[in-house]
C-alpha cells in the first residue's frame, strides 16, 4: 500500500476536475473574463464572514454562477456544491491573517481559506487563471492541454522504466530458481520497482486533475503497471530480515529521497543487511513472489506453503508427498503447485515476463 502524499490537494482537485459541474461553471466565468470569488462552505464560521449581498438559496447550476459572477461580490456555495447560498456578498475575514497575494479577490480568498479551512476559489479577470485556496494550500489550476501533454510525457518515461524493470526482474527470476541471487540483484529490483511507482504516483495526480479527460491516460497506466506494486511488496517480503515487518520496510523505502534511492547500500540497510557486500552476499528468497504466480492458489495456502518450507529452494525440491503435508494442500493442489512451478521455470528460461 502506497503512502498517500498531498491527499488534501487531491481531494480538492477531484471536486473541480474537468467534467464536474463546478469546473464547468468556473470555466464559463474564466471565458467571460469577469473574474470571480467563490467560497464552498455553509457553516456558521463562513456565514459570519458574509456582509451584505443577496440570500439566493437556489439550486446550483453552471449557468447560474456564470450570471451571478458578473456582479462584483463573492458567491457562497454549500459544501456539497448543490446550492448557491449568497451572491454579490462581501466577505470580511480577519485582516491580520498574512497573505502575499496582491489582487483584492485573491487576498480575500486566501484569508477566508486560512481562517475557516474551507475551499475558496479566486478567478483572475486579467490573468485568466483559477487559483484554489484551502488552509495553507494554494494551487493554480492548469489548462487541460498542458496537463495532458505532461501526462503523455510521463507515460512515455514510464514505458522505458517498466522495460528496464522487466529486464532486471527476469534476471532475478533466473537467479532465484538457481538459488544464486545476490543482494545486488535484489536491491536493484526493489530500486527499479520504487522508481516505477513514483512515476505512477505522478501520473495518478495528472489523472485526478484531468477528470473525465484523463480516461485514456488511466487505461494506458493500468495496462503498463498491472501487478508491479504487489510484486515489489512480495519481493521485500521475500528478502527482508526475519524479525522485520515487510510493510514497514516498504514504507521506509517510499520515504527515501530521490538521491538515497540511487544508493543500493541504503536499500540493503532498509532490508536489514548492514555492512554487507552487495555483489558477494548470496540471499535466498522465501518464495512469496514466485508462489503468487502459480494459478488458482489462494494466498492463505501460499502463506502455509512458505511457512512450512521457509525458502523457495526447499519448495522447489519438495515432492508431491511433502507438499501434501502442508495445511490446505491436498493431492490435487500439490500437483498444481509442482506443475505451476515447472511452467514458471520454463517461462523464466525463455526470458518471458511472469
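For all residues, glycine too, the Cβ spot is worked out from N, Cα and C.
For the recorded site, residue 73 (ATP binding site), the DSSP three-state label reads coil. Residues or ranges marked as ATP binding site by Swiss-Prot on the basis of sequence analysis: 73, 91, 104, 105, 106, 107, 108.
Among the features that Swiss-Prot reports, domain 'DAC' is placed at 6-144, with the record citing sequence analysis.
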Extent of the ATP binding site in Å [max Cα distance among 73, 91, 104, 105, 106, 107, 108]: 14
If you draw a 10 Å sphere around the Cβ of residue 91 (ATP binding site), how many other Cβ atoms fall inside it, taking every protein chain shown into account? 23
List, in sequence order, the same-chain residues at least six positions removed whose CB sits under 8 Å from that of residue 108 (ATP binding site)? 37, 74, 91, 93, 120, 122
